[in-house]
């Protein structure tokens, strides 16, 4: 799997332009015999697309080799992962010592907590840092003593990191489903402030419309992204 993901990353960089690279990945007739498939969707190549575009637009071609740029992004995400764990532990315990113990415990048990040392391009290495960031933002949002500015920042960070988590890992919805059940139980036990239960505010029709809006936004994320990508690729048919 690691070699396959990196192959598509190199393929994007070898293309003449970003649009051409996206077109080749979305009309891939080399991966499967006698078939043309959208590799970006079916193999979940959004991380490679993001990394290759970032490599091009930042002008890193003259500074660093593509492989080290790719590895650097993933290792940078692991730093975000550990930092998010530290912040979450600090907020839950109220002391920085708990955060340090969490980081030390993670490093000591890294063979059981991550596979980044020997399988760098795996989807989990791209996705879990965003999930840890989402958990930290959610923990901050649910705190009782928090000002409105920090609450809004936590909400926006939680939304952005959740979106990134979904885009980075094809099985992220299973993790989010477990989290949703946990939040539902927290709500049932009345452990969440009433003003933060937005879906419970207003009359029944208002609550129903809010719920439908939430579902609409969730289910149109992938569709919107596909439309944006299709607008970026050339209009001509696949020549292969």
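Using N, Cα and C of the backbone, Cβ positions are placed for all residues, glycine too.
Whatever TrEMBL says is automated annotation, not expert-curated.
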Annotated transmembrane segment segment (source TrEMBL; candidates 90-108, 109-127, 128-146): 90-108
For the transmembrane segment (90-108), sequence-distant contacts whose Cβ falls under 8 Å of one of its Cβ atoms, 6 or more beyond its ends: 82, 136, 139-140, 143
